[in-house]
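Undergrad: Encoded as C-alpha cells, here's the structure I'll be asking about.
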Amino acid sequence: MARGNPAGVRVSTVAVARSARAEIIRTGGRSRLWTVVAPAAVIVPVVITFGIALVAESFARIPGQISVLQVTTSNAAYWVITITVALVAVAGADGQAAESRYGAGEHVRLAIPQAWPVLLGRWVFYGALGALVAIATLVVVLAGLPAVAPIVYGPVSLTDDVGLRLLWTVPMLALFAAGAGVGVGALTRSPLAAVGGILLWAFVAETAAGYLPSGATLQRFMPLLNAVYATGQDTVLTPPWGQTGALLYACSVFTAIFMIAAVGRTIRR
C-alpha cells in the first residue's frame, strides 16, 4: 500500500508559514498596506455609507416635504462588500507584485525554492488580515447606522437573518479575494498593473458589461455581483443560482485566478 509523504507535507507547511511570516515582516512599519490600503478598506466604505445615511436622514426629518423609505439590513452593506473586498484583493496584488522590485524575487526563490508555498503563504496573510478588516468594518456599519440615522436605518441589525449571514459571508469573500489578488499580482508582476486591473474590473468593467449585447445576462455571471448577492443584499440583477451557489461561484472564480498563477509560477521556475 502506497503511503503519503509526511516529511514533504511538513516541509511544505513550514514553507507556507515562512512565507506568511516574511510578508508580515516586509509589510511592517510605514508600508502602503498599513498607511493606505488597510485604512482605506475601513474608512472609505464607512464614510460613504454614513454620508448617504445622514443625507437620507436629513430628508426624512423635513416635515411633510418628502417621503423616505426605511432601509433594512439587506440594503445596508453594499459599500463594505464592494470596496472592502476589492481593497483586500488590492492588498494581496500589491504585496505579491512587490517582489518584482529590487531583485526581491530572487531572494525569495533562494529562501523557498517551490513557488506555490510562497503564494499560499501570502494568501494566508492577506486573507486573514482581510477577513478581520471586513468583519470590523461590517460591525461598525451595521451597529452604527441605526444610531446615526434611526428614522431611515432603524431596522438595520447585526442579529437579524441577513446580518448574521453578512457576518460570515463577507469575511469569507475577503479571504478568497485576497487569493485572487495574490494571483493577479503574480500574473502581472507589476504593482501598478495589478492594482489598476483589480480596481478597473471591480468598479468599471462589471458595470460596463451591462452595455454590451446581452449585457444583462453577462452581468449575472460577474464575480462581484455574485459576491454581493451571496451575502443577502438586494441586487437589481440576480445570478442564475441561489445565494449559496453565488457564494461558491464567486469563491471559485477567485480561487481559479490564484491556481492559474500558482501553476504558471511553478512552470516558470
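Any Cβ shown, glycine's included, is placed from N, Cα and C.
Okay, so TrEMBL annotates it like this:
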- 33-56: transmembrane segment (TRANSMEM)
- 76-93: transmembrane segment (TRANSMEM)
- 123-146: transmembrane segment (TRANSMEM)
- 166-187: transmembrane segment (TRANSMEM)
- 192-212: transmembrane segment (TRANSMEM)
- 246-264: transmembrane segment (TRANSMEM)
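Could you tell me the structural context for the features on the list?
TA: Distant neighbours of the transmembrane segment (76-93): 33, 37-38, 40-42, 44-45, 48-49, 122-123, 126-127, 129-130, 133-134, 137-138, 141-142, 145, 153, 156, 166, 170, 173-174, 177-182, 184-185, 188, 191, 194-195, 197-199, 202-203, 224, 227-228, 231, 233; these residues of the same chain sit at least 6 beyond its ends, with a Cβ under 8 Å from one of its Cβ atoms.
Remote same-chain partners of the transmembrane segment (123-146), defined as residues 6 or more beyond its termini with a Cβ less than 8 Å from a stretch Cβ, comprise 16, 19-20, 23-24, 38, 41-42, 45-46, 49-50, 53, 71, 73, 76-77, 79-80, 84-85, 88, 91-92, 95, 153-158, 163, 166-167, 170-179, 181-182, 258.
Proximity of distant same-chain residues to the transmembrane segment (166-187), defined by a Cβ-Cβ separation under 8 Å and at least 6 residues beyond the stretch ends, is recorded for 73, 77, 80-81, 84-86, 88-98, 119, 122-123, 126-135, 138-139, 142, 158, 194, 197-198, 227, 230-232, 247, 250-251, 253-255, 257-262, 264-265.
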